[in-house]
Amino acid sequence: MAKDFFKLSLVNQKIAAQNSFNRKVFIFSAAFNIVIALASLLVLRSLPPQVPLFYGLPETEERLAASWMLAVPSAVSFLILLGNASLSLFTEDEFSKKILAASTLAASLFSAITTLKIISLVGSF
């Protein structure tokens, strides 16, 4: 009886630790997105009026966007975070929750890299 209680206690602790880790990943990603969006808005004065945000397009004016739109990748990443966090609340599978947390972190990192790379390339500091 005590052995079963101990096993159940360990399982509950493990589940709580995994949920805590996923929660920390989501909170870190949200804070990271907000910081990058604010940083991109703070450096607007040192950026040209248009920046090459859509650099996957051919080399035309379609590639350019207003400099305030550098906050868009972080906003899209934040929307991905909200969707993944919502899905992780409704799924029971721990592996799926980890995949959702990892994809949220990856989206945040890729949007930050994109934004910071554009700022470092076209900014005049």
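Cβ atoms here come from the backbone N, Cα and C positions, even for glycine.
Caution: TrEMBL annotation is automatic and unverified by curators.
Marked as transmembrane segment by TrEMBL: 25-44 (among others). Outside the transmembrane segment (25-44) by six or more residues, the chain places 67-68, 70-71, 74-75, 77-78, 81, 84-85, 88, 101-102, 104-105, 107-109, 111-112, 115-116, 119, 123 with a CB less than 8 A from a CB of the stretch.
Taking Cβ pairs closer than 8 Å, the transmembrane segment (64-87) reaches residues 26, 29-30, 33-34, 36-37, 40-41, 44, 47-54, 96, 100-101, 103-104, 107-108, 110-112, 114-115, 118-119 in its own chain, all 6 or more past its ends. Taken from TrEMBL, the feature transmembrane segment applies to 64-87 (among others).
Remote same-chain residues near the transmembrane segment (99-122) are listed as 21-22, 25-26, 28-29, 32-33, 36, 39-40, 43, 47-48, 51-53, 55, 70-71, 73-74, 76-77, 80-81, 84-85, 87-88, 91 (criterion: CB distance under 8 Å, separation of at least six residues from the stretch ends). What TrEMBL lists as transmembrane segment is 99-122 (among others).
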